[in-house]
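Below is one structure, written out as structure tokens; comments come after it.
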Amino acid sequence: MLTVVLFFLFFSLFLYVLLAGADFGGGIIELFSLPKNQEKTKQTIYRVMGPIWEANHIWIIILIVIMWIAFPEYFNIFVVYLHIPITLMLLGITIRGVAFIFRHYDAVKGKSQTSYNVLFKMGSILSPLFLGVIFGGLVGGNINLHTTGANLGFKEIYIDGWFNTFSLLIGLFYTALCTFIASNFLIGEADDEHELNEYRKKASYSTIVLVLIGFIILLYGYFNEVAFVLDFLENPFSLLAVFISGVVLIPLWKMIKLKRKVWARVLAGVQVLLVLSAAMLAHFPDIIITSTKEVSILDGVAPDSVIFVLGIALIIGGSVILPGLFHLMKSFQLIKLFK
Amino acid sequence: MENLEAARLQMAITLIFHIVFACIGMVMPFFMVISHYKWLKTKDKVYLKLTKAWQKGVAIFFVTGAVSGTALSFELGLLWPEFMKHAGPIIGMPFSLEGAAFFVEAIALGFYLYGWKKLPEKFHWFTGVIIGVSGVMSGILVVAANGWMNSPSGFTYENGVFSNIDPIQAMLNGAWFTQALHMTLAAFVATGFAVAGIHAYQVYKGRNVVLHKKAFSIAIIFAAIAALFQPISGDISAKDVAERQPSKLAALEAHYETEKGAPLYIGGIVDEEKQEVSYKIEIPKALSFLAFGDFDAEVKGLNDFPEDEQPPVAIVHYAFQIMVGIGTLLAIVGLFYLLSLKWKKWQDNRKFWLLFTFMAPLGYIALEAGWIVTEVGRQPWIIYQVMKTKDAVTPMPGIFYSLLFYTGIYILLTCVVSWLMVRQIKVLNQKEA
């Protein structure tokens, strides 16, 4: 049953990274669009994302609930030492969530739209940036546990763990990844040639930025001996995954050129899956690396009775939710496999 | 301000706001689908307009509730990491099911909001029903988790170690049913009176009367019926608390000394130093009867509990009085409405609409007071008689700043949402004119 629980944990993580990522990325693209194109982009995002928008963001709740039920000790370190970036990420999620709904449901379409737009774009950057910073904090090896006995201050315990170059780089990486996902996704939704070219441009820029930041992270990690990066470079599976994801870029570009929307989306999804698995495989199951020790996600795992019931609940819940979600996406033609 | 106090206050403020957003998001869909049903049946355009207006309300409150709920699910860990470390696996069951119910709600909402003219009429309407049903399910499951904090079960606790965990038994703890019943009814009473009150005000002002009267009659019928049942559910809850949490009962009634045939105190001012309640109305033996069904039953006083296990008395007592007082008033007003269905000319009087306008905020005041009774009345325990709140709080200092931050955001959110609602109603009235 533990396998089932772990599967759902990573499955939710993957879907959150992908779907919420596409969502965050939409806001970032809007931010980087010329003022004359912004309104158009905004409408496309709303048309495409609107129906599944609420559902996209529930994956993070599923994720956190699985964490606290099944992996309580892991969750404990997560919430104690990364309190501040988590709060900032929540701020991002909150302002962009309400701004998204306000700008479409405000009965008067007037000046207030400008402030909603600003909030939406701000939140779209803040959320993925801090999500990345949190992950960077978890694996960066900079968290100082206060149980080590050393006389540490507030800064050492609650700030140094996440406020550092490595975490920031990971944050930027995820932000770029979101832009990559969203632009590839939106290409299939463009109404005219002009809009299509806009998204194509965004897709190629974000790919370049993404590869560049990825490269910097590896270099930085290698020269500063960040354990996570070193393990990453030594792990054959991680390297293979990164290699494949590099190779997949070529058919992805081809599909975009040939306007094969479905394949382009599938390949972009595969990209994300590969990057994510490379990061996860590098260190599984030690997904927290502190300055003194590594903490496995399986340390202090909940007793079997809990895991068993949770596994059952997830299987039942999944078999209700996934077909529903699939049907929702199909009804609004977000999945065009059958056309 | 000490860290513990700041953390408790932050939790309280987040919950106070979240409960309002969540309850509206839970109950409004029912009003919406009834109006939608009437539109499909009668093809009266007013119902279509009303359905679409309420749909906007549902969407706004659902999202505000969802983001404040996301923040809340993190806050449980951010503020009470020790609690979550031990309680997480035990009460995870209702939370994971709640996640599923919430997910179903979000999917149904996607269908409903974007399904106009795209989906078959009946299926579209039915997705609205699913929003409501899964919303109520979510509410019940979250309250079941809270019930566990009041009535912990499903584990063995020895020397600070939790073992023999049975998540199902933990979910079906002694308090889940009474609490869930009381809360679900409260959500309908509070939201029903609030929505009815807003529309009653529009009728009073003579704006777009046809639409607002229809809206009023849909909302008030839920509120009136729920308000009539609520005292019964309250009585069940009180008996339950008397049995399981005698210290809470003593606090909410401000009884310091143990006595047989204990009187019921109504109102009064509590002096925690002198352990006295002055200016109260006293009904002899009534507390013993209400709590245990026996006029001579013994009611344990607060002094029978160790000093460090007594909840704050004054706030719990006042909150309880407010809840019961308003609850009684709303039950009477609810009955008054049902009678007005027979004596129709009452509704021609403008004062009728003014009365319901004044009722608008009361349900929510009672609901918040009720949560203060439950939560503050459980103190100093976070898990009743197992773990103290002070042992659960985060080691990170400076929560005071976090408190300021969250309070600021929630106040801002509330202002914006209220302002949006005012705008919705204005636009709704303009279109008619």
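Here the Cβ of each residue, glycine as well, is placed from N, Cα and C on the backbone.
The following features are taken from TrEMBL:
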- B:12-37: transmembrane segment (TRANSMEM)
- B:58-80: transmembrane segment (TRANSMEM)
- B:100-116: transmembrane segment (TRANSMEM)
- B:123-145: transmembrane segment (TRANSMEM)
- B:180-203: transmembrane segment (TRANSMEM)
- B:215-232: transmembrane segment (TRANSMEM)
- B:315-340: transmembrane segment (TRANSMEM)
- B:352-373: transmembrane segment (TRANSMEM)
- B:399-422: transmembrane segment (TRANSMEM)
Which bits of the chain, at least 6 residues beyond where the transmembrane segment (B:58-80) starts or stops, bring a Cβ under 8 A of a Cβ in it? 7, 10-11, 14-15, 17-18, 21-22, 24-25, 28-29, 32, 95, 102, 105-106, 109, 113, 131, 382, 389, 392-394, 399, 406, 410, 413, 417, 420-421
Top Cβ-contact partner of the transmembrane segment (B:352-373) among B:12-37, B:100-116, B:180-203, B:215-232, B:399-422 (pairs under 8 Å): B:180-203
Sequence-remote contacts (6 or more beyond its ends) of the transmembrane segment (B:123-145), Cβ cut-off under 8 Å? 22-23, 25-27, 29-30, 32-33, 36-37, 40, 58, 91, 94-95, 97-98, 101-102, 104-105, 108-109, 111-112, 115-116, 171-173, 176, 179-180, 183-184, 187
